[in-house]
Amino acid sequence: MDQRLSDRSLRAAVLDHSIFDPADPSVKHEIIQTIIQYLQDEGYYNSSMVVQDETNVKIRNAAAKRSQLRRMKRAILGGDWQEVERLLTRTTFKSMKVFKFAVHRQQFLELIDEQQHLKAFSLLQRQLKELEAYARTTDEFRDMCYLLTCKSVTDAPSFREWDGVTHSRMALVEQYSRLLDFNSFQRDAFIPRVRSANAERLIDASDIPPARLVHLFQQALAFQIGSSRHAPKAPPRIGTLLEDYECVVIPNKLQRQLVAHTGNVKCVTFVGEEGSTLASGSSDNTVRMWDTKSGTCESVLRGHRSRVWDLSATANGVLVASASGDGSVRIWDSSQLQDMRDTQEWPVKKDGEWVGRPGVNGETRGGEGVCRAALHGHASDVYAVQLHARGNAVASGGYDRVVRLYDTETQTLLKSFAGHKSSIGSVAFNGRGNLIVTGSKDSSIKFWDVVSGLCVRSVSAHLGEVTSVEINESGSLMVSSSKDNSNRLWDIRLTKAVKRFKGHQNTSKNFVRSGFGPREDVVIGGSEDGRVYIWDVESSEVVQTLGSAEGAVFDVEWNARQSLLASCANDGIVSLWCFDEGGPER
């Protein structure tokens, strides 16, 4: 049997400090010295000197404290109570109330043993009275008062085990040995040293290997890469130390296809961050809710009188919003879907085989019952919808060129945003929820202040109509799609396009959308050639294409919890894609 530690057990041993203890003072000192070396290597000489000076002060203070503790031990064992009194006034001992009471108790008992009752009474009044709360038992102080009338220490019940001066001093020192007894290991803890075969000396900069801090980071990253769940095909380029490395897993295999819609599917969205439910909107005027694990259709949401152009869901998965060609936005309560199971058995394509009988436009019991609100404010088709992160508001835009912001609870119009010269194809909230970002057929992207209703920024880098915009979690980056056959990555702070992704097709009368993929290291988008395209953010190169649908792939969405990519297409099929280590690659 292989006795070597597994990667998992080794990682656990490191994290629980059984291999490496970051609280070890020697280790702390070495970390500080390594930081000082790095500061000097990078030219931060003044900063390194400040850190070094503060470190030296701490070492001197630790050495002084150790000296006082040793002197206290010697004074107690030698009965030098004047020295003990003097040391107890030092900062090292000022807060040690229990220890101070124990020391004065020993001094008091020795005075009783020597029959010096007046001195014992004075000590009791002067020192022990104020420390009464730190006695070992509630009777101990009372018994000490009783001893003032006794001839022997053992006359009091609390001190029957008194074993004479010498033994009691040794017992006191032993009781507080962790405080007073410093062996060689503890010496090294206060004053870090480096050992060699012939000598022992203080650690200094010459003991640290060159570029030690950088080398340690390199080792840590190598360990993270080596123990990653999925090994990278090529050496990755890591641009941050603030997050643990995880291999970017790019979907490469069709997991299953979801078939039930009778028209093309325009949009998909995962219902909540968990991703166990997927919603799809279609030209058959319905929204379908799917279980992503089983592939079954859980419910059909009816009520729209025209095709569903866009969907949005809150992070907790409670609310789903749909935008339709009938000019309305509907808010659905997904928490009630458990009673809305579809009466039909819908087919699922898994591993190349269809499971279940062909689906028809079956009925759903009370399908409209989960509709919390129907918002009618737009004059024509509503192409885009986005729920606020808190679920208390929803933004929509469409053919009438106006963005509308509604309160989802009261169903009232909060504000309208006008300024686009043509229809609006996409809306999104920024990370803080104080801005609405819109993409339009007029080729512009506008940023609207939610409070004032004003357009605070407008960019027009695309040469064709903008079909989608999506903002990352931190609110620093944005991906946009356009009918100029390109997707772009924007730095929102600079309002500047920093990357351009090409290779797909997006020129016709379709809303072809794109968004962020795994860890925001890739961008995923649909295409009119029937494939899903995946681009590397760093290189802007296509790293994967998936499928070959009949007609355009309109929408895509990635879910990190399930490691699933959902896409929908003109053929009416919703596809779920996953990563398979043995699966095909581009």
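Cβ atoms are placed via backbone N, Cα and C, with glycine included.
Worth saying up front: this structure is predicted, and the values here are computed from it rather than measured.
Lifted from TrEMBL, the feature list:
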- 65-119: domain 'CTLH' (DOMAIN)
- 258-300: repeat 'WD' (REPEAT)
- 301-342: repeat 'WD' (REPEAT)
- 375-416: repeat 'WD' (REPEAT)
- 417-458: repeat 'WD' (REPEAT)
- 459-500: repeat 'WD' (REPEAT)
- 516-545: repeat 'WD' (REPEAT)
- 546-577: repeat 'WD' (REPEAT)
Review point. So are the repeat 'WD' (258-300) and the repeat 'WD' (459-500) touching or not, going by 3+ C-beta pairs under 8 A with a sequence gap of 6 or more?
Key: no
Study note, to complete from the structure: Averaging pLDDT over all residues of the repeat 'WD' (546-577) gives 93
Study note, to complete from the structure: Outside the repeat 'WD' (301-342), at least 6 residues beyond either end, the same-chain residues with a Cβ under 8 Å of its Cβ set are 260, 263, 266-274, 277, 279-289, 362, 364-376, 378-387, 389-391, 394, 396, 398, 406, 408, 426, 511
Review point. In the same chain, who gets a Cβ under 8 Å from the repeat 'WD' (417-458) while lying at least 6 residues past its ends?
Key: 310, 381, 383-386, 388-390, 395-405, 464-475, 478, 480-482, 490, 492, 495, 511, 513
Review point. Looking only at the domain 'CTLH' (65-119), what are its DSSP counts of helix, strand and coil residues?
Key: 46 helix, 0 strand, 9 coil
Exercise for review: With DSSP as the reference, give the number of residues of the repeat 'WD' (546-577) in helix, strand and coil.
Suggested key: 0 helix, 19 strand, 13 coil
Check your understanding: Can you tell me how the residues of the repeat 'WD' (258-300) break down into helix, strand and coil by DSSP?
Key -> 0 helix, 23 strand, 20 coil
**Study point:** Structural state census, the repeat 'WD' (417-458) (DSSP three-state)
**Key:** 0 helix, 23 strand, 19 coil
